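To keep things clear, I will list the structure first and then write my remarks on it.
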Ligand SMILES: Nc1ncnc2c1ncn2[C@@H]1O[C@H](COP(=O)(O)OP(=O)(O)OP(=O)(O)O)[C@@H](O)[C@H]1O
Ligand SMILES: Nc1ncnc2c1ncn2[C@@H]1O[C@H](COP(=O)(O)OP(=O)(O)OP(=O)(O)O)[C@@H](O)[C@H]1O
Ligand SMILES: [Mg+2]
Ligand SMILES: [Mg+2]
């Protein structure tokens with residue numbers, strides 16, 4: 001439905017806009033503390049109030065959008081840049097030992113409990129945005145590999161691929177010239193979905209203290225910091241919580257809308 | 001069928017072997033030493049060395065890997081560095097919380113998702129469909145720990161219908177056990193239900209476009225009869241895949257929820273074990289989880305065959 | 001009074017008229033065939049009778065079944081009619097059955113849903129009906145699943161479902177299009193018998209005029225949502241009023257004149273070719289089994305010769321094609337082109353000598369490329385492909401050769417009709433001037449009129465380019481006119497070969513004989529009529 | 001009502017207080033299940049425990065302990081001198097895994113004079129010896145039950161261990177045969193709730209009767225306002241400090257360390273991180289100790305002075321360093337505030353959140369850090385400044401001699417004087433940033449009485465706890 005696409009695009013671009021504007025302007029310095037002015041409810045000065053250190057929540061949410069988007073985007077980038085070539089290779093060599101190896105490897109990565117591994121990665125390399133990206137990115141790889149292979153396999157059965165083979169083109173060339181452009185839509189749609197999952201995952205990791213590190217604000221950490229104060233300062237949790245929901249909702253709607261708009265017959269798995 | 005199962009079994013064993021290697025050596029590079037963690041900041045170096053000897057940490061990595069693997073083959077997962085009790089026992093205690101919780105959440109999510117997905121598919125494009133789909137969008141977008149927090153505020157603190165957390169144990173009866181798992185199960189189930197409902201809907205919509213649905217209508221079945229008799233079972237295949245994935249996720253992914261509801265489950269065990277560098281526990285739990293996922297996938301494959309006769313004769 | 005009477009049926013979808021004032025009638029015991037080219041509204045008419053039109057369709061007029069106007073019936077009343085009073089058989093037997101239910105359950109469902117009899121009796125009845133359509137319970141127990149049956153057998157199950165309650169009217173929408181000729185003949189015979197036994201009315205939709213002429217009592221010809229001509233079969237065949245009808249019949253039996261082949265000089269030699277498909281292991285330790293799709297096939301194709309390959313579905317025709325193209329390895333024997341062996345690892349110089357045209361005019365092209373890029377794909381094989389103007393000229397020349405315009409070079413494939421796409425496919429095969437072209441079911445998916453045009457094009461090209469090709473088809477009529485020599489293939493083996501006319505007029509092998517016998521034939525129409 | 005459910009954040013890794021540093025073990029078992037020769041009281045005083053009395057030889061080298069009569073372990077075996085000798089020998093043995101082995105370092109010999117009398121000989125006089133014996137790591141265990149001690153602790157206390165559901169709770173029941181004043185409660189359950197939100201919820205939902213050392217100070221006002229609950233605010237032995245790597249440039253320059261001290265606004269940290277709970281300190285000493293000197297003025301908040309000092313040290317443009325923060329919220333929150341405050345004077349502290357295991361490895365043992373925040377919870381631990389190899393690497397001969405003197409001194413007045421000197425030296429040397437004394441915040445239902453409000457050691461002594469009528 002095109003309406004989904006529009007609503008989703010508006011929500012997502014609002015968030016993107018906030019992130020971009022935060023580079024040049026925020027109402028306050030997002031790191032500036034003013035402890036006597038802590039825990040203010042929204043007012044004319046601080047539009048969304050202040051947190052337990054007296055920082056301006058509006059500014060933090062804006063900069064937090066930057067963190068969330070950056071982490072999720074790079075994680076999706078990792079997943080795509082490794083997963084898609086793997087999937088293409090597996091499909092081109094379908095049935096061979098290489099295909100088997102790639103797919104079994106995929107299953108294995110899938111089988112690992114992602115959150116536990118994410119915690120381990122941060123335990124090994126230390127908490128931080130970069131490691132959160134790696135942790136989320138690793139689990140994006142099999143998602144893209146699998147969906148790429150699945151979609152490519154059916155394309156490899158198509159006669160225009162046979163025609164290309166008759167024209168002497170090798171698997172690599174065919175993958176790049178014929179397969180990839182034809183599954184691009186599918187990958188873009190899956191990309192938006194993984195992107196939204198990435199934002200949720202970053203929030204979850206930050207919530208347990210393994211995401212971006214202070215003073216870089218992150219929605220998940222704002223939420224985690226606020227959790228004990230929900231009972232007397234609910235806006236502290238509601239605001240970053242809503243930011244996450246709006247972003248994820250926007251991206252999902254956009255993904256759904258894109259899928260319907262680009263090709264109603266696209267199959268997208270989302271887990 | 002048997003041949004197929006055998007083949008799957010072989011790849012299962014191979015996967016586990018590779019997994020054990022990966023797990024062991026990845027986890028072993030984590031900085032931090034269980035012995036110094038146990039003994040704290042006033043410990044003297046010789047005390048730490050003594051504890052390392054006692055824990056067997058002075059052996060080479062390969063020797064320890066070999067011990068661990070051979071032990072596991074005999075059902076012996078080793079002894080926890082911090083708790084100093086057999087890991088197998090600890091895990092099985094925790095499983096009595098995590099497994100029922102995962103199952104409970106799965107049942108809830110299925111009970112919500114099936115009717116919702118079928119309802120939406122049957123009313124494709126109408127108000128009911130929009131409402132259900134809108135709700136699922138929201139369900140996917142709400143972080144579950146946040147949702148859990150809200151549940152506790154409302155149902156435990158304000159209404160006092162449930163405990164804020166903790167697990168009553170099964171010895172006090174099935175009911176009190178389930179009661180203490182209800183809020184955690186709901187917070188785990190809802191996002192999963194949203195996903196499952198969407199899968200159910202789209203699978204059904206695919207099926208609705210199939211020729212045999214038209215054949216069914218031509219026989220005189222009403223739209224609804226056709227949907228239930230011919231649609232749902234065929235739609236089960238993609239849905240089963242997702243259910244399988246979700247179960248493994250629920251088993252391993254409840255860490256944060258277990259934290260919020262202070263449940264003595266596997267997730268919290270592994271979380272604690274990581275921070276205490278109780279590596280053998282971490283390794284064994286991860287191994288178990290990998291095993292569970294692979295086994296569940298295996299079972300899902302067998303379940304496909306039960307649902308889809310075409311696969312029964314598959315070579 | 002007739003059983004089914006459609007009067008002035010019009011139907012539109014979001015304002016687009018699909019059916020316009022369609023009128024036709026079917027009496028008990030009568031077979032009425034509806035024919036016409038693809039998209040003419042045949043299926044829509046049938047669905048209107050069943051009231052299974054898409055939700056967005058708007059219908060007007062009357063469709064009366066035994067006196068009641070179906071268009072006025074409520075959905076519940078329609079449910080009671082469907083399956084009980086009107087049965088329907090669809091084209092695709094592979095997908096018309098629920099894959100997860102046994103055939104017994106599916107046939108019984110028709111009975112049970114109308115509460116015609118208790119369960120135990122329904123079971124017996126289902127068994128009887130299946131027996132009636134030629135699926136006796138001792139060989140085909142009710143507990144079989146659809147995937148355990150062949151296409152023809154599945155179509156019988158679909159028919160059994162449709163006739164289980166002896167409906168007064170049976171609608172069959174292209175019931176045999178997906179089947180091979182021998183099976184098609186059996187199913188048509190079965191339908192004819194059922195009409196006689198049960199005194200049903202049969203509304204039969206098909207685009208195959210040979211079938212129509214063979215089977216129907218009355219013929220209705222549709223074009224662009226309108227009935228343009230209708231009448232009893234004999235009258236209509238002998239006295240066609242509409243040019244379109246005449247054209248349709250002419251095209252079905254289209255003949256082309258090929259230039260005579262040059263002196264035999266071998267181009268392609270296939271010697272004892274064997275192609276095995278590996279099957280998954282049967283047990284963990286046993287060696288993997290294999291399925292032999294091509295068994296010791298040998299033949300020679302001479303330069304300038306047009307060779308046909310016929311045989312029913314699954315006999316190994318496409319497999320052989322892929323081996324000749326060097327896309328898949330042989331497990332035995334040899335294929336020589338110009339005396340050089342063909343292998344999957346062959347160099348570009350070998351590959352350049354062959355091109356191929358496939359069946360599916362939709363699937364043969366990358367939808368994201370423009371026509372110029374599509375047809376020049378084989379340039380990849382050339383060491384020194386033409387560039388710039390030379391390339392433009394060659395593209396234009398080739399497009400003109402296949403009857404398109406040079407301007408088409410910048411269009412995308414979805415901007416063309418099926419026949420035009422097949423022309424583009426031929427252009428792609430032609431552009432590097434290969435010595436051999438393989439046509440794998442290259443006209444099977446086309447409407448009769450379009451098919452006739454493509455056949456003409458091929459004949460023209462033979463004239464101007466002296467083509468050598470292997471033409472693969474299961475359509476005997478087509479092969480008969482477009483080839484000089486023919487191979488008959490059965491289950492991976494070549495059972496007969498010879499000059500086309502000889503084989504068709506005096507088949508030697510029993511399989512060839514049965515194949516020819518099963519193929520429906522158009523009646524010999526007087527030459528005067530066929531002048532489209 | 002004769003039972004109680006007490007919650008705390010951390011679960012003991014195992015139940016042997018003599019072979020792990022985890023405070024959680026003592027929190028559950030100290031005084032409840034295990035007792036030592038001496039013991040701490042709620043106010044920090046050291047009083048006789050299993051030892052009824054003792055005599056100290058004039059040279060201060062020999063302690064002769066007389067044990068209480070009729071003391072039995074929970075498994076029925078009686079406590080005698082052999083058990084005491086076994087316990088102390090085990091703690092100081094070569095292969096001992098006692099986390100505080102240093103407490104016993106001075107012991108040269110232990111002799112059992114008779115079943116009720118044990119003589120301990122020291123190498124040199126030690127003013128802290130009786131205090132040392134009061135630690136949880138010095139409790140008396142029996143050789144008969146030592147093998148299973150990690151899962152089935154057998155002590156002499158007023159409560160017996162009954163059950164441990166790992167990850168969830170530990171159950172104790174009253175020891176009917178207790179040698180001293182028996183416990184009032186019949187049973188006690190310890191529950192482990194690490195998440196601060198869950199802690200809040202569990203108290204609010206009345207799932208637990210008391211929460212010892214409540215982790216979220218921000219919630220305390222709510223409990224105070226709620227008549228269902230009482231809040232116990234006490235102090236701990238935890239000096240919360242901004243530990244500074246004295247060997248790492250530029251912190252090897254005392255002016256830089258002083259600049260650091262003046263850049264920090266303690267009150268803001270107490271307010272922001274602890275929501276007002278905690279006493280600012282100016283040196284490494286607990287304010288409730290009689291020897292405490294208030295030296296906070298020595299490092300008053302003065303950013304201008306701080307900048308001036310930095311300039312003087314050639315660091316006028318500021319510098320970059322690391323700030324390692326272990327998990328507790330005092331460190332994580334305090335660290336964020338300190339980083340912001342240091343930024344004001346041009347010091348860029350990069351926050352690195354670490355787990356304890358990592359902290360121990362990199363900061364404590366690897367000494368690979370610039371700054372870190374930690375609460376030193378061991379009682380009377382100013383002695384760590386006399387250990388040049390200790391992680392903050394403060395090496396001052398004068399201070400080391402002072403500590404040796406202090407150890408050898410038993411005269412209380414003299415000891416106070418020496419301790420005050422010590423406080424002044426490290427304050428003047430700005431060894432570390434001294435922040436505040438960690439408060440002990442506990443919440444209990446209104447009817448609970450007899451809980452310790454202070455935490456002189458990590459203990460939850462339930463022996464005197466009861467419910468008001
Ligand atoms: N759901 C639909 N929405 C809009 N147009 C439709 C729909 N289904 C069919 N049509 C259009 O209705 C017209 C008639 O279609 P119909 O299926 O009756 O053709 P047909 O004669 O059966 O052709 P064929 O021989 O290919 O089966 C076509 O132009 C087709 O594009
Ligand atoms: N990849 C494969 N693996 C195993 N068996 C195959 C494979 N491809 C084809 N076959 C089998 O080989 C036989 C010949 O197939 P082929 O596609 O060559 O038939 P065909 O004569 O072209 O039929 P049609 O007219 O339906 O196109 C069939 O029985 C088919 O099932
Ligand atoms: Mg049709
Ligand atoms: Mg074929």
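Cβ coordinates are placed from backbone N, Cα and C, and glycine is handled just like the others.
Summarising the annotation, TrEMBL assigns domain 'ABC transmembrane type-1' to B:95-300.
Per TrEMBL, transmembrane segment is recorded for B:101-122 (among others). Same-chain residues lying 6 or more positions outside the transmembrane segment (B:101-122) and placing a CB less than 8 Å from one of its CB atoms are 128-129, 132-133, 135-136, 178, 181-182, 184-186, 188-190, 192-201, 204-205, 208, 223-224, 227-228, 231-232, 243, 246-247, 250-251, 254, 263, 265.
Feature annotation from TrEMBL assigns transmembrane segment to B:134-157 (among others).
Annotation comment: TrEMBL describes B:177-197 (among others) as transmembrane segment.
Within the chain carrying the transmembrane segment (B:235-257), a Cβ under 8 angstroms from the stretch's Cβ atoms is held by residues 98-99, 101-102, 105-106, 109-110, 144-145, 148, 184, 187-188, 192, 195-196, 199-200, 203-204, 206-207, 263, 265-268, 270-271, 289, 292-293, 296-297, 299-300, 303-304, 307-308, all 6 or more beyond its ends. Per TrEMBL, the feature transmembrane segment maps to B:235-257 (among others).
Among the features that TrEMBL reports, transmembrane segment is placed at B:285-307 (among others). Among residues of the same chain six or more beyond the transmembrane segment (B:285-307), those with a C-beta under 8 A of the stretch's C-beta atoms are 1, 5, 8-9, 12, 15-16, 19-20, 23, 27, 72, 91, 233, 236-237, 240-241, 243-244, 247-248, 251-252, 266, 269-270, 273, 314.
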Remote residues contacting the transmembrane segment (B:134-157) - C-beta distance under 8 A, at least 6 residues beyond either end: 116, 163-165, 183-184, 186-188, 190-191, 193-195, 197-198, 256-257, 260-261
Positions on the same chain near the transmembrane segment (B:177-197), where near means CB under 8 A and six or more residues out: 97, 100-102, 104-106, 108-110, 112-114, 116-117, 120, 132, 135-140, 142, 144-145, 147-148, 151-152, 155-156, 162-163, 166-170, 239, 242-243, 246, 249-250, 254, 257-258, 260-261, 263
